[in-house]
Amino acid sequence: MTPIRATGRAALGLLRGLGAVALFTGRGLFRLRPFYPRAFAAQLIQIGWLSLPVVALTALFTGAALALQIHSGGARFQASDVVPAIVAIGMVRELGPVLGGLMVAARVASSIAAEIGTMRVTEQIDALVTLSTDPMRWLVTPRLWAAVLTVPFLVGIGDIIGIMGGWLIGTNSLGFNSTAYLSNSWAYLESWDVASGLIKGAVFGLVVAVSGCWFGMRSGRGAEGVGRATKSAVVAAAVGILAANFVLTGMFFE
């Protein structure tokens, strides 16, 4: 096989795979009836509430470390006073959504892939089909919508906690006045900064849920197949989040 033919075949395979994922996502998002409210509520708790501690801790330490880094770097240019504004903008625009999404990916994508993959191995998905229950509507749709709705809330909470982490370091270690720090943090934020971060959170949530469901539904047989699906889901979710972040940042702030 010539290199040109091999490259073309690989490109066609990539496009075919992306098309299949797009169709899978569309089916999961828009084929809502019948809707299963209990399954949806369970996923709201699993994806949203149970992910809050790891997102909050990540945001807290990120905001604190960012304040230290900006203060140290700004001191070289006599610009240490910009710490509150840059911490706030950096958390809301970029670090809050991206790191929050990656933490959710590490926890949720693996969980979804392992759960659905195990159901496939133990033939529970075949049993759903036998009972005239669409696995897409029972397993995929609640997870996709729960992730799309809850990750923006996690991002918003993480943004606030990250800014407060910077405030803790700024007021206790860097000599900032508490009131002035908070005032400068909010003064330079615009509504679009916040909105763009929340939109990113919704997109990242969709990426995480689609990755987990896609690889879980296509899990191989046995424990090895489930493990491979779990690993692939986490890697795909992380890469997808970073790629989507680049595209969205270019769209929002170019």
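Residue 1 is the first one shown; counting continues down the chain.
Note: Cβ is positioned from N, Cα and C throughout, glycine not excepted.
Taken straight from TrEMBL:
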- 12-30: transmembrane segment (TRANSMEM)
- 50-68: transmembrane segment (TRANSMEM)
- 144-169: transmembrane segment (TRANSMEM)
- 198-217: transmembrane segment (TRANSMEM)
- 229-253: transmembrane segment (TRANSMEM)
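Below 8 angstroms of C-beta separation, residues 93-94, 97-98, 101-102, 105-106, 109-110, 112-114, 117, 192, 196, 199-200, 203-204, 207-208, 211-212, 214-216, 218-220 of the same chain, each at least six residues beyond the ends of the transmembrane segment (229-253), sit close to that stretch. Sequence-distant contacts of the transmembrane segment (144-169) (same chain, six or more residues past either end, CB-CB distance under 8 Å): 25, 28-29, 40, 43-44, 46-49, 51-52, 55-56, 58-64, 66-68, 83-84, 87-88, 91-92, 95-97, 99-101, 104, 108, 178, 181-182, 185, 194, 197-202, 204-206, 208-210, 213.
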